[in-house]
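Asks: I'd like to ask some things about the structure below.
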Amino acid sequence: MGRKNRRNRQRRTEQRSPAEEERRKAREQAAWEGGYPEIIKENKLFEHYYQELKIVPDGEWDKFMDALREPLPATIRITGYKSHAKEILHCLKEKYFKELPDIEVDGQKIEAPQPLSWYPEELAWHTNLSRKIIRKSPELEKFHQFLVSETESGNISRQEAVSMIPPVLLNVQPHHKILDMCAAPGSKTAQIIEMLHADMNVPFPEGFVIANDVDNKRCYLLVHQAKRLNSPCIMVVNHDASSIPRLLIENNGSREVLYYDRILCDVPCSGDGTMRKNIDVWKKWTTLNSLQLHGLQIRIATRGVEQLAEGGRMVYSTCSLNPVEDEAVIVSLLDKSEGSLELADVASELPGLKWMPGITQWRVMTKEGQWFEKWEDVPTSRHTQIRPTMFPLKDEEKLKSMNLNRCMRILPHHQNTGGFFVAVLIKKAPMPWNKRQPKLQRRPPVSVCDASVAPEIVKAVADISAIADEPAVDAENGETKPCTNQSGSSKTDSVCCPPPSKKMKLFGFKEDPFVFLSEDDPIFEPIQKFYALDPSFPKKNLLTRTQEGKKRQLYMVSKELRNVLLHNSEKMKVINTGIKVLCRNNDGEQYGCAYRLAQEGIYSLYPFINARILTVSVEDIKVLLTQENPFLSKFSKETQKQANNLDMGSIVLKYEPDPQQPETLQCPIVLCGWRGKTSIRSFVFFLHRINLVQWIFI
């Protein structure tokens, strides 16, 4: 084997030209000397293309190019729905931002971080520091550690400024049903979840987010992002966005199609607006990327507006500056919608943001640099690469009525950001092709009680019915017909398994099932008694990921997501949903209850708990966070008194702020803990402990 590899290596060396051999040696030498040469930030075709399109105002081209060659500044966003967001902001301002202007890195004086003028409540900040400098500089190590720990705990998100724009324009309310079509890696999804939980006093908002991505591996990155926020209102699914299935929900005894109030359509794009952070784009950029993605972008956006509710809002966005991926897609949607869609004027919703209006005239260029003014000029040989929808409409009056000036193009040099495009669409009526959709014709069902029918046939018919069971849609008003089974009782199957093995090929890897607890499940009564759960506690929203054996962990979803899960198990590939609220003790029921509380779900569960609660002071919180298993004597007398009245087992540790003492911590804190024989300990992740200590006590 070794001799064969040597022969192959020699053969490859002999086949190289002298110039190739010289380049290879140069690369190896550069690697030995400490790294490869930097990518030259220059692309003549890119400059020629955008200068011809005139998307940059006259006299600003040099500033535009200079900005693209500079590294992207670091931007952070403070999680808005957390009750201690104001405390985090105060900590950043007083303990970190004030020190930064006194620090120099590589001879460069650091500017004081500034809030993004257009983001609400000063919850987003940017600095002239790049992420690389923050990571590598010893002078900024303390600041970097704070950012890392706060990011892991979900209190801060490090997110590019322009990527914060689409969720803001969605104008999310807590009751909205939301679809994020291309969600990974999940920073925008996290922002949407925050908006759903704007009122922390409501543990289960009526709305929810279904976050989808076509890449199975990136779905797990999405799960990691969402888990930081500990929401019971998020579901991660794995589908091709251009054919994401239409889901069903039960409403007043009938099954109807789920239409979303808000849809985020952040489509795959060529990414030439990200040159400041993805420097590979400089050498790889051609117009071919945009031409190849245009069709997919239209299909995804079309599927989005089909599933949008009337009066709903869809935000279409790309990190590309190319009109083939931007205005051309919007024009195609508006044209075939026949008045069902309109562009919304959202300029007033982002005061302080600088942006350029959408353009109405552009040309299409091939990767070789050949220009085409209109579709009729394109030779037949190019028809597979260039499509009619890539060009502006010939009807100028119709084009003008589309109000493309309401589209927003963000240029990097205007506010030191990346490049971005965003448009907001409002659905006024059903799409034309949905209006023409005929009613579904149903064949009389085969009764499973009919002894004359072979059991195998009955089973096959039942399987087919389960897969194809969609409600009949009224072609005139989009309403659905009531759906009942033959016995007159509603379907209450509590097991949401993945699709059958034959269908599983469509969806990729098999996931564990989602099994909801039944109303009379014996494991719930001891839990309810031990923690004195309120009768209003929605126990039917508890689920586990196993059908057999002991239930080690219990998760919780909102009522609305339970509805979605129960009626669509055959249609969708669910990667993750719900938050962990209870974990099984290693010692079983030795301490009064077989399940202890989980920190991830405590903010959702706490409003229903009426027992096992210790009210603690700030000093007690410090003891809990800095000591692993402190004795009772370490706590205040009041805490010791409360603890003496509790048996061993899982407990809630609650800190309530005192408005009469404004100099003390002014946000509530809820921690999970364990009352031992002579001690109390907190069940809080190590990183979460660190960040709590940092912003409360340091």
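Placed from the backbone N, Cα and C atoms, the Cβ positions cover glycine too.
Straight from Swiss-Prot, here's the annotation block:
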type: ACT_SITE; residues: C319; note: active site, nucleophile
type: BINDING; residues: C182, A183, A184, P185, G186, S187, K188, D213, D240, D266; note: S-adenosyl-L-methionine binding site
type: COMPBIAS; residues: 1-10; note: compositional bias 'Basic residues'
type: COMPBIAS; residues: 11-28; note: compositional bias 'Basic and acidic residues'
type: COMPBIAS; residues: 482-493; note: compositional bias 'Polar residues'
type: REGION; residues: 1-28; note: region 'Disordered'
type: REGION; residues: 472-496; note: region 'Disordered'
Asks: Distance check, please: Cα of G186 (S-adenosyl-L-methionine binding site) against Cα of C319 (active site, nucleophile), rounded to an integer number of angstrom.
Replies: 15
Asks: Which of these recorded positions has the least crowded Cβ, counting other Cβ atoms within 10 Å: C182, G186, K188, D240, C319?
Replies: D240
Asks: Using DSSP, would you call A184 (S-adenosyl-L-methionine binding site) helix, strand or coil?
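Replies: Going by the DSSP assignment, A184 (S-adenosyl-L-methionine binding site) belongs to neither helix nor strand, so it counts as coil.
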Asks: Please list, in sequence order, the residues in the chain of A184 (S-adenosyl-L-methionine binding site) that are at least six apart in sequence and whose C-beta is under 8 Å away from its C-beta.
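Replies: The answer is D213, D215, R218, C219, L221, L222.
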Asks: Widest Cα span across the S-adenosyl-L-methionine binders C182, A183, A184, P185, G186, S187, K188, D213, D240, D266, in Å?
Replies: 20
Asks: List the Cα distance (Å, whole number) between C182 (S-adenosyl-L-methionine binding site) and C319 (active site, nucleophile).
Replies: 13
Asks: Can you tell me the CA-to-CA distance separating K188 (S-adenosyl-L-methionine binding site) and C319 (active site, nucleophile), as a whole number of Å?
Replies: 13
